[in-house]
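Chemist: The structure under discussion is supplied below as structure tokens; questions concerning it will follow.
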Amino acid sequence: MEASLTARDRVGIQDFVLLDTYTSETAFLDNLRKRFHENLIYTYIGTLLVSVNPYKELDIYSKKQMDTYMGVNFFELPPHIYALADNAFRTMMSEFNNHFILISGESGAGKTEASKKILQFYAVSCPSTKVLNNVRDRLLLSNPVLEAFGNAKTLKNDNSSRFGKYMDIQFDHQGGAVGGHILSYLLEKSRVVHQNHGERNFHIFYQLVEGGEEDLLRWLGLERNCKHYRYLVQGKCAKVSSINDKSDWKTVRKALSVIDLSESDIENLFGIIASVLHMGNIKFEADARGYATLNNNQEMQWLLGIPNQVLQQGLTHRKIEAKSEEVFSPFSVDHAVYARDALAKAIYGRTFSWLVNKINESLANMVSNKDSSRKTVIGLLDIYGFEVFSVNSFEQFCINYCNEKLQQLFIELTLKSEQEEYEMEGIEWEPVPYFNNKIICDLVEEKFRGIISLLDEECLRPGEATDLTFLEKMEDKIGGHPHFVTHKLADQKTRKTLERGDFRLLHYAGEVTYCVVGFLDKNNDLLYRNGKEVMRQSKNAIIKHCFPSTEPDSKRRPETVVTQFKNSLVGLTEILMMKEPWYVRCIKPNEAKQPGHFDDVLVRHQVKYLGLMEHLRVRRAGFAYRRKYEIFLQRYKPLCPDTWPNWKGTAAEGVRCLIKHLGYKSDEYKMGRTKIFIRHPRTLFATEDAFQVCKHKLATRIQAKYKGYKVKGNYVKQREAATKIETCWRGLMARRERQRRAWAVKVIKKFIKGFMNRHQPACTDNSEYLAYVRHSYLTRLKENLPKTVLEKDSWLTPPPILQEVTQTSALFKGKKENYPFSVCRPFADTRILDLHYSVPVVKYDRNGFRPRLRQLIFTQEAAYLVEEAKIKQWIDYSSLKGVSVSNLSDNFLILHVTCDDSKQKGDLVLQCDFLFEALTKLSVIANKQNCIHVVQGSVRFDIQPGREGFVDFKSGQESMVYRAKNGHLMVVSL
């Protein structure tokens, strides 16, 4: 809250408790509207969250947003449903107690979506393991299943919950979600057989027909056309643009598997849904006596595997027991239709209860192996809001009675929590005036005199009890009650607004007129006994479970619907009273579901019946603002020189010093044990405005300090960088100087060495020096040439290196014709330019294997075997077939050559100490990489065409080469 007090003029107040005119409904609506138009859909009333449906997607539910609100103080960030969910969770973990979040509002206000957002937040924020992830998936995917079977399109909402849902999420001591449990309340079973214009049946029927696979539909006897089924077309809107039944079908199919339903259970479940549709298409005809009959009705064969004869009798006759006899009384057509619809409602209602129990079993199974000694829960109560339609019937009566009870609980818990906080802080509690709706709750539920008791009496009364006799009984018994009026009891002006079959109750949220027609029928919800017996003969396992043979067929009438609902509410109230409450109030901004449109009249009505003004009055009964000393001091300590920047004493003493400096009057605040209580919002706003001014001054000082710190830091960095660059540059220069000197030393040494060897033949040691001498002589000669041809003796004396040139001139000048042409060509050390490599080898004769020393020379074109200056054998590389060496450690190689005639010499057997070097040179020069073969054992070679020899290789104790007895050359290597 504190973080955005400065933006209050533009976006309104984030907490209604801080409204100065908190009693003004207009100011309340203005604040709500201002925030709504800024897409700020959440506002607090203390810890209560008010949520306005935006009817559009807002980017406020991302994973990043969840992370932002995790572990943050409730009022530290702008209002959000994640803040409420996180604080409920953290309070539960720290205090180890149970909590519940009550989500209420009218249909279309966003209750179901709010419930989903809370579940999604816990799914992300709680610890994650494989087991916990399974629990999370089942908790999340129980929603689409329950929505499919319990939600429907109404005039106000395309996904309206037609049942109340309370879900407990169970957490272990580490905060992991380990399971859950769901309670359902007052499923609107009448919707199965009847829908008002513009409304639909439950989603699952349309999802099955539109999205079911062809094989499944064929097996169920269904057609892909909703218009063929009477139970689906009464509202005349089987298809809705905002609902994608095919896509939702896939989601439900996946969810049913995840929540651990077996394939047989799923098949049986869809079989029941299909049977309800077929049952709605059963038509009755009247015989001659006016009794209902079934003739050639093909829908019968698809009804849960029940024999046709049994089903026909169950739908057209009523079983009556008279003493020891059983009599079957035939139905009229109207009675038969009633019995059929009652059976369809019973089947669907019991199946829904079975499904809820299966989900609970699935969630309970996940925690069976966990430590059950320490578990806490957070309950989510997604309950129908107050409903006021143009025609209000039995369902609206029950729903509004439920809201009266919850409002009573809400006020009691709010007052209780306020009173407990005051007592805990040692502050005197001031009584709060508020509307106590106990008078209305008593009007509805009081024993013997309440509306529920009167309705049950009329349902159980023998004789012709009707809705009008029930109305007359209420006029007789409670006619004088100030919150009850009928057409008969009303004054002349009020009577014009009431029909003869209406009665009006003045609820805490306003007046609601109920039409009494259908009250008795809906409250009885009778299912004839033989209808149950027919169901027990079904082959469907779920139906057998829902209609067990052990169910007592008592002649005593079962509890009525409203009594069951009343008892359920009592149980729910007991559950909630044992938990700490959190509230989410959902508001619908307009009826047209348009984004950005705020209907003042509609919102004002909801603010009234949600009891928001009442809750605000309770919260503002004494003090508008309360915070722990530590939080208050941490925020506002810059306003006092004594507390800034660090307060040395206790937080309470620091706050006392701070408010003394700020000049708070004694009636503006109270000091509790751990909190400061501020009475008026204007006091807090004045403090906040002063803090904003101070904050800017502090920010300027901090900026100046920070900028100085940054500049100094940059200077130090630049100085260090300059020093580093200088060091590196000096090092580079020193290394270059060292290299230059090393080069100079090398050159000088080479020059001196060349000078010392100047009289030796040209070699590497003196080559550069002799080149220098030659160049120096020619340069001097160029500058000192004789002036005339007569000065023969004036030529410079040549150095010894040029003596051979002089000798050549003396020998051949003027004697040989081509001598002048040789002058421009310098002498070289050798003219054998093609010689690439030579190596000494031992050559073994082909006959007798006598060893002989030879030189093996490789040129560009061929290999030569030379003895001193005589070429003994010449091998062209093109005639070289291959080279063989052994895999042992000897140094032998055999060169295989092509022998075309008998005069040509055969292969060469050689031994070379530089075997690897020689073969590598040969492979590169002759490009014979693929011709060198390493062999084992012996090598065959050609002595001459037609004659062959062998070289055998083996390992021994010492190296030997000799001619073996078999005539082979034997090479023994270590």
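Each position is counted from 1, following the chain as shown.
Glycine is treated like the rest: Cβ placed from N, Cα and C.
TrEMBL annotations: computationally assigned, not manually curated.
The shown structure was predicted, so the numbers you read here are calculated from the model rather than taken from an experiment.
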Chemist: May I ask you to indicate which of 569-591, 684-706, 822-844 is given in TrEMBL as region 'Actin-binding'?
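Modeler: Range annotated as region 'Actin-binding' by TrEMBL: 569-591.
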Chemist: Sorted by position, what residues of the same chain at least six away from G105 (ATP binding site) have a C-beta under 8 A from it?
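Modeler: Looking at Cβ-Cβ distances below 8 Å from G105 (ATP binding site), excluding near sequence neighbours, one finds S51, K111, G385, R585, C586, I587, K588, Q606, L610.
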Chemist: So what's the average pLDDT for the domain 'TH1' (792-974)?
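Modeler: Here the mean pLDDT over the domain 'TH1' (792-974) amounts to 80.
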Chemist: Take the region 'Actin-binding' (569-591) and find every residue of the same chain, 6 or more past its ends, with a Cβ under 8 Å from one of its Cβ atoms.
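Modeler: Answer is 32, 36, 47-55, 81, 84, 87-88, 91-92, 97-111, 114, 156, 166, 183, 185, 377, 379, 381, 385, 401-402, 405, 409-410, 413-414, 417, 597-599, 602-603, 606-607, 610, 612, 615.
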Chemist: Can you list, in sequence order, the residues of the same chain other than G105, E106, S107, G108, A109, G110, K111, T112 whose CB lies within 8 Å of the CB centroid of the ATP site?
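Modeler: Nearby residues not in the site list: N53, N157, S160, G385, C586, K588.
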Chemist: Looking at Cβ-Cβ distances, which residues of the chain lie under 8 angstroms from A109 (ATP binding site) while being 6 or more apart from it?
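Modeler: For A109 (ATP binding site), the qualifying residues are S51, N53, G385, C586, I587, K588, Q606.
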Chemist: What's the number of neighbouring CB atoms sitting within 10 A of the CB on E106 (ATP binding site)?
Modeler: 24
Chemist: How many of the residues that make up the region 'Actin-binding' (569-591) does DSSP mark as helix, as strand and as coil?
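Modeler: Helix, strand and coil residues of the region 'Actin-binding' (569-591) number 9 helix, 8 strand, 6 coil.
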